[in-house]
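Enquirer: I'd like to ask some things about the structure below.
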Amino acid sequence: MTKDILDADFIKEMAKTTSNLYRLGWDERNGGNITYLLDEKEVVEYLDVKQIIRTIPMDFDGEKLAGKYFLVTGSGKYFKNVEEAPAVNLGVIQVSEDGKAVHLLWGYTDGGLPTSELPAHFMSHIARLSVDPENRVVMHCHATHLLAMTFTHELTERAFTRTLWQMCTECLVVFPEGVGIIPWLVPGTNDIGKATSEKMKENRLIVWPHHGIYGAGQSMDETFGLIETAEKAAEVYTIVMSQGGIKQAITDEQLKALGERFGVEAKAGYLNN
């Protein structure tokens, strides 16, 4: 007999994280989406993986993820409702062997579907797994101050990254590779998925100008914390600019010393000699 899936740590983690994202104002209405790569051994504790509820076609070649299991937020679902009704707002899916569909094993009990950003998520998982086999989570949200910065700050990766590094001491330690930035693209398309996944090969944080941010990591906590750290730096930047602008900041020499102390190396060319 399988255990009750509502007791699974991965369901509890997802519910807690979506609630926090909503509480912080980063996922208004049905904004935002999360995909969580699960190990088969943890899935079979709670589900009979041979019992397919329905098969959902994909307009994307997911063959590189064939057979893999994911916990995915639903399309059009509100993060604020996940804790109270996880079976309606979440789904456990398995990618079909040919990569052209996903099998629903649990959830979406009202007939719902996985997030419309599923292609972008799957492309990002493929990209991250190619450089980090332990990557498990891809998270998209509308972090307020990072979003605002895309209207007022130079949109080059080096300049954007340097500003974030200079706002909070921990930023260089948390994302020494910097942030990636793609052009504005229509969401829910393969084009935005391809652009994001290309950046994901070198970055775990990808800014979608005038829209939001994508983050990736080995756990829910790591991914949430990555976005949270960058957003805090963007908030500090916003406050600093409203107080009259930067008078002094962390210097490049100090950033180098910080990297040496914590065993990280700033992305090549991002610090001045």
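Including glycine, each Cβ sits where the backbone N, Cα and C put it.
Quick paste of what Swiss-Prot says about this protein:
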| type | residues | note |
| --- | --- | --- |
| ACT_SITE | GLU117 | active site |
| BINDING | HIS140, HIS142, HIS211 | Zn(2+) binding site |
Enquirer: Given the binding-site residues HIS140, HIS142, HIS211, and counting only Cβ atoms in the protein chains shown, which has the most within 10 Å of its Cβ?
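Expert: Neighbour-count leader: HIS140.
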Enquirer: Taking the Cα atoms as reference points, how far is HIS140 (Zn(2+) binding site) from the residue listed as 'active site' in Å?
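Expert: It is 9 Å, counting Cα to Cα.
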Enquirer: In Å, rounded, how far does the Cα of GLU117 (active site) sit from the Cα of HIS211 (Zn(2+) binding site)?
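Expert: Here the two Cα atoms lie 13 Å apart.
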Enquirer: Using the Cβ center of HIS140, HIS142, HIS211 as the Zn(2+) site position, which other residues in that chain lie within 8 Å, going by their Cβ?
Expert: GLY31, GLY32, CYS141, ALA143, LEU147, PRO187, TRP208, GLY212, ILE213, TYR214
